[in-house]
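Report on the structure given below.
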There are 2 protein chains.
Amino acid sequence: MTDPLRLGIAGLGTVGTGVVKIVRQKASLLAARAGRPITISAISARTRDKDRGVTLSDYAWEDDPVALATRDDVDVFVELMGGSDGPAKAATEAAIAAGKDVVTANKAMLAHHGQALAIAAENAGRVLRFEAAVAGGIPVIKALTEGLAGNEITRVMGVMNGTCNYILTRMQSAGLPYDTVFDEAAQLGYLEADPTLDVGGIDAGHKLSLLASIAFGTQVDFDAVDLEGIEKVTIADIRHAADMDYRIKLLGVARMTGRGLEQRMSPCLVPADSPLGQLEGGTNMVVLEGDMVEQIVLRGPGAGEGPTASAVMADVMDIARGCRVSTFGQPAKGLQKAQSALGATPAPYYLRMALEDKPGALAKVAAVLGEAGISIDRMRQYRHDDTTAPVLIVTHKTTRSALDAALDAMSRLDVVATEPVALRIETV
Amino acid sequence: MTDPLRLGIAGLGTVGTGVVKIVRQKASLLAARAGRPITISAISARTRDKDRGVTLSDYAWEDDPVALATRDDVDVFVELMGGSDGPAKAATEAAIAAGKDVVTANKAMLAHHGQALAIAAENAGRVLRFEAAVAGGIPVIKALTEGLAGNEITRVMGVMNGTCNYILTRMQSAGLPYDTVFDEAAQLGYLEADPTLDVGGIDAGHKLSLLASIAFGTQVDFDAVDLEGIEKVTIADIRHAADMDYRIKLLGVARMTGRGLEQRMSPCLVPADSPLGQLEGGTNMVVLEGDMVEQIVLRGPGAGEGPTASAVMADVMDIARGCRVSTFGQPAKGLQKAQSALGATPAPYYLRMALEDKPGALAKVAAVLGEAGISIDRMRQYRHDDTTAPVLIVTHKTTRSALDAALDAMSRLDVVATEPVALRIETV
């Protein structure tokens with residue numbers, strides 16, 4: 001097989017531009033590795049006349065990504081436009097219908113339409129691959145789908161939104177409040193146009209739902225992800241957590257339980273000396289656990305031109321080499337919709353609340369926990385600040401339903417001044 | 001393609017037994033993922049009548065691994081016997097000649113004969129894969145060969161011998177000398193029959209030479225690895241390193257320089273707060289650096305039944321799925337023998353020596369360094385212990401040749417009581 005593999009690239013932002021650069025600058029290296037040349041036939045983007053720092057005049061231009069996706073001289077449609085619906089989805093569907101393989105970095109599209117698109121690709125005998133959609137340059141889709149193919153996966157965890165990890169670690173290192181660091185991140189261009197995609201955990205939740213599908217052989221079910229953003233995490237929480245040798249991370253966890261599939265994306269406490277706890281700045285980390293392999297930890301840049309383009313090229317090179325793995329590691333038409341099991345796995349929790357300076361205040365809180373069947377591992381009351389005192393409690397393992405009952409009862413106590421904050425402590 | 005993929009497994013130690021267990025216990029999961037059943041036709045081992053905790057009576061038995069490797073009902077020869085030559089090599093060659101694909105965990109065989117075996121496999125239109133040969137359960141061969149296929153690799157580093165890392169971290173945590181921990185490791189069964197394979201850096205050097213071949217597109221050249229074991233590392237070195245926020249690791253580094261390929265496996269100092277510095281016990285870690293992806297860090301168990309069997313199965317599943325990648329990521333017949341460039345990259349060094357309690361002793365040492373063009377970053381002299389005083393020096397970046405000249409001159413000074421120890425400080 002020495003015919004060139006011909007790409008059509010839709011979307012020329014940083015990632016698309018990075019892919020063009022790799023194909024142009026590493027032609028002989030790629031050809032040696034793939035056993036055939038990789039070429040670009042045509043490109044498409046919203047704006048044509050813009051200096052992207054790379055020569056584009058060698059390629060046919062299409063204003064319409066659907067037209068690009070269905071060109072006769074395109075073997076692989078590379079979708080780098082983004083957006084869960086609209087042109088990205090239309091062009092991907094058109095590419096598959098026209099018999100093209102598809103490589104995409106579009107986590108939102110796959111989280112919402114991955115099952116249907118994967119079936120369409122299978123029916124057409126084409127592949128739909130998405131290494132770049134999860135954790136940037138880390139080859140985690142490949143590690144999970146292929147590297148651990150001999151394992152029953154027991155848990156997938158990860159810090160998969162670099163912006164959130166930047167915000168949380170910057171709050172800690174600089175001692176700055178959430179709002180200040182959020183503004184910094186915005187000025188640095190780290191946030192999506194709609195920042196709730198980042199800080200609300202949605203972007204990371206998309207990624208988790210894709211990993212869960214591969215890991216557990218179930219249909220992608222983003223709507224079943226228990227989502228909680230980092231907006232409520234305070235600098236006080238970060239400091240208290242550090243005092244107890246924990247770090248706070250926006251952590252995704254997916255696990256198959258006896259009751260069904262548990263998928264959570266929420267701020268969690270992890271041990272400060274664990275690989276996840278030590279993860280600083282915008283770096284991503286994914287932890288894969290299998291019954292044979294025990295635990296594999298993958299760490300790397302979660303975004304950026306080079307790393308994301310590297311991941312796109314991994315998929316392109318696989319196709320060029322004739323490696324044609326199903327989108328989610330097995331035929332999509334055989335994937336079952338998992339029962340959703342939110343809160344199925346008990347865990348210890350970190351609780352923070354402000355108590356009124358009244359006799360018996362702490363006793364009332366302790367009584368509420370006791371009534372809910374929750375035992376206390378550690379408790380600290382700090383000195384009163386005017387009229388209220390911060391209180392921290394670390395519980396022993398409890399269920400989410402018992403915890404919710406206790407939180408509900410606490411909010412009705414006259415001694416609890418603010419709504420208690422509860423963060424899960426994840427064993428890593 | 002729904003015909004079963006039929007394995008012939010030679011070697012039924014922990015890894016071989018683990019592979020049999022996976023194939024037996026996960027038959028439906030493997031078939032769903034691969035799109036076809038994975039079966040075992042025949043097995044071979046040195047001892048037949050031994051309880052291995054798994055039913056083997058379903059499989060044909062061969063006393064001779066060559067006979068196993070050439071059976072008509074075997075599609076993939078799984079070589080788990082070990083040993084660089086002898087039966088492992090004979091059976092691998094026979095399997096390739098008989099038109100079988102080969103999966104092996106045998107780093108020694110590949111480090112010495114990988115080039116010839118890869119060419120034989122290519123000429124026969126067969127694949128020879130070895131995920132399990134490097135870093136146990138970590139899918140690092142896949143990450144490097146496929147996941148980073150769009151990158152020019154700039155450096156590969158790793159802690160790839162769990163026994164050495166166990167010894168070094170145990171010395172530190174328990175404050176025990178090398179000999180004591182070495183004996184512990186021997187009693188725990190962590191050491192190879194010939195322990196110099198571990199503590200001499202040979203086993204890890206084999207692995208490094210395989211990674212270097214993939215990374216830089218060069219022929220495997222184990223003989224060009226600059227090997228240094230951990231036998232000379234003292235508890236004092238470990239403590240001094242820790243005092244300066246370093247950890248000592250048996251670290252492999254491969255890098256393409258302007259003068260050729262540099263391959264080193266030696267005890268190095270790395271920052272205590274880096275992922276490599278934080279690596280404890282028998283865990284392995286590989287750091288892959290590419291021009292696009294920046295830095296990827298992979299961490300996981302480097303040995304053991306489950307993790308190594310998991311890696312073997314990754315190769316088997318690739319073959320079952322029709323993914324047929326060249327042994328070293330590109331056709332072996334096109335690989336060049338690299339120029340060897342030992343010591344090409346300057347680095348800072350840690351030096352330890354014992355100085356006689358004589359006036360001007362320190363000045364003489366400093367003068368030797370100055371004459372060799374080596375400047376001092378930090379120096380500490382500790383209190384005299386009877387007649388000599390331990391002295392530590394951290395140099396600025398210097399070349400290995402300048403350092404060797406200085407060490408040579410120092411050994412001729414009348415004030416240096418013992419041969420100075422020099423350990424490289426690797427930037428990570």
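For all residues, glycine too, the Cβ spot is worked out from N, Cα and C.
Among the features that TrEMBL reports, active site, proton donor is placed at B:Lys207. Per TrEMBL, NADP(+) binding site is recorded for B:Ala10, B:Gly11, B:Leu12, B:Gly13, B:Thr14, B:Val15, B:Gly16, B:Thr17. If you look up TrEMBL, you'll see B:Lys107 marked as NADPH binding site. As annotated by TrEMBL, L-homoserine binding site applies to B:Glu192. Residues or ranges marked as domain 'ACT' in TrEMBL: B:350-428.
A map of TrEMBL features onto the structure.
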{"residue": "B:Ala10", "record": "NADP(+) binding site", "DSSP (3 states)": "strand"}
{"residue": "B:Val15", "record": "NADP(+) binding site", "DSSP (3 states)": "helix"}
{"residue": "B:Lys107", "record": "NADPH binding site", "DSSP (3 states)": "helix"}
{"residue": "B:Glu192", "record": "L-homoserine binding site", "DSSP (3 states)": "coil"}
{"residue": "B:Lys207", "record": "active site, proton donor", "DSSP (3 states)": "helix"}
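There are 23 other CB atoms within 10 A of the CB of B:Leu12 (NADP(+) binding site), with all protein chains counted. Those residues of the chain, other than B:Ala10, B:Gly11, B:Leu12, B:Gly13, B:Thr14, B:Val15, B:Gly16, B:Thr17, with a C-beta within 8 angstroms of the mean position of the NADP(+) site C-beta atoms are B:Ile9, B:Gly18, B:Val19, B:Ala45, B:Leu80, B:Met81. Listed in sequence order, B:Gly304, B:Glu305, B:Thr308 are the same-chain residues six or more apart from B:Thr14 (NADP(+) binding site) with CB atoms under 8 A from its CB. For the binding-site residues listed here (B:Gly11, B:Gly13, B:Gly16), the lowest count of other CB atoms within 10 A around the CB belongs to B:Gly13. Around the Cβ of B:Ala10 (NADP(+) binding site), the number of neighbouring Cβ atoms within 10 Å comes to 28. Counting in whole angstrom, B:Gly11 (NADP(+) binding site) lies 15 from the residue listed as 'NADPH binding site' by their C-alpha atoms.
Note on the domain 'ACT' (B:350-428): mean pLDDT across this stretch is 91. Across the structure, B:Leu12 (NADP(+) binding site) and the residue listed as 'L-homoserine binding site' place their CA atoms 17 angstrom apart.
Rounded to a whole value, the Cα-Cα separation of B:Gly16 (NADP(+) binding site) and the residue listed as 'NADPH binding site' is 15 Å.
Of B:Ala10, B:Val15, B:Lys207, all annotated as recorded positions, the residue with the shortest Cα distance to the residue listed as 'NADPH binding site' is B:Lys207. Taking a C-beta cut-off of under 8 angstroms and a sequence separation of 6 or more, B:Lys207 (active site, proton donor) has the following same-chain neighbours: B:Lys107, B:Ala111, B:Ala133, B:Val134, B:Ala135, B:Gly158, B:Met160, B:Asn161, B:Gly252.
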